[in-house]
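Participant: Sharing a structure, written as structure tokens. Questions coming.
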Amino acid sequence: SAQQSNVTSFGVMTVAIITLETFAGMWINSFIVSVLCIALIKRKTLNSNEKILLLLGCCRFCYLCFSWIYTFLSIIYPYCLLVHPILQLLQSAYSFFNCSNFWFSACLCVFYCIKIANFRNRFFIYLKVKIDRIVPWLLLGLVVFSLVMGILVYNVIGKAVCKNLNFTCEGRLWKATIRIEEYFYPLYFLTGFVFTTSFMAVIFSAVFLLFSLWRHKHKMQTNSMKNLSMDAHIKAMKSILSFLVMYSINFIFFILTLIYSTKNQNHVMFLVYLIQHAFPTVHSLILILSNPKLKKTLLRILSCMKCKVCMK
């Protein structure tokens, strides 16, 4: 029918746009991982900021892979998701890397805040001194927590589907007469908890850094000389605020996902898919441009590519 043909064409267009976003994001995050891995091989070590960026780039690369696979199957081959246990595996992997993405991003903002902000509080001073030792254990704890979330999502989906749906003995296909999305609310609750907690960490980091910048600027009003601490405050503030804006947009579309995932609203879900795949791409690009080493390497690669194109 004409309506089915329009839905199919819209689905193909959605997959095409998301594919472009996904491969752009994978290239950007693989660039971050490659540069930091080369630095690790040369120096045998990485500073705390680079460790967070390395893990963030890895988890975003994997997140985009699984997110693209799930989106592609749900739009082009939806019945593949009804084959046990493809849906559980994809959702658990997606949840693990999505959770890691949120936590590592928030961890990066908190790290910037602790390293750059200046407060006389004893606990804050202790964190500033010990932060480089805390970061590896914090990252390990976040990975374990994300892994637990992925396992919980796997079990929640398995129990919900097994309880409410029958499956055939021959092909082990979930009975498609009931919408599986209706049983994903525990999954949404878990994801919402992670999202909200990491979002609050970003907000508090931005507020503390902004307050520290205001105090520092107030002290330096009589000093006309350029201050390095002021520049560091402003650079970190730009990075955190840009992330805060994108996080807020992503949070709005997360709410839209909760509302429209069980309804046949293709145009709304298209915007949701668009933002979900653009978020790790745009933020990683901002991180590259705000990091002198990554920015210099990227410009050098682009200039080499430009020279090769001109020679041809």
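Cβ coordinates come from backbone N, Cα and C, glycine included.
Straight out of TrEMBL:
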- 12-41: transmembrane segment (TRANSMEM)
- 53-73: transmembrane segment (TRANSMEM)
- 93-114: transmembrane segment (TRANSMEM)
- 134-157: transmembrane segment (TRANSMEM)
- 187-211: transmembrane segment (TRANSMEM)
- 240-262: transmembrane segment (TRANSMEM)
- 268-290: transmembrane segment (TRANSMEM)
Participant: I need to check the long-range neighbours of the transmembrane segment (187-211): which residues 6 or more away from its ends have a CB within less than 8 Å of a CB in the stretch?
Facilitator: 91, 95, 98-99, 102-103, 105-107, 109-110, 112-113, 116-117, 119, 149, 152-153, 156-157, 233, 236-237, 240-241, 243-244, 247, 251, 254, 257-258
Participant: Which sequence positions outside the transmembrane segment (93-114), separated from its termini by at least 6 residues, show Cβ-Cβ distances below 8 Å to it?
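Facilitator: Same-chain contacts beyond the ends: 48-49, 52-53, 55-56, 59-60, 62-63, 66-67, 70, 124, 127-128, 131, 135, 138-139, 142-143, 145-147, 149-150, 153, 187, 190-191, 194-195, 197-199, 201-202, 204-206, 208-209, 236, 239-240, 243, 247, 280, 283, 287.
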Participant: Cβ under 8 Å, sequence separation of at least 6 from the ends of the transmembrane segment (134-157): give me the contacting residues as numbers and ranges.
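Facilitator: The answer is 48, 51-52, 55, 87-89, 91-93, 95-97, 99-100, 103-104, 107, 111, 127, 183-184, 186-187, 190, 194.
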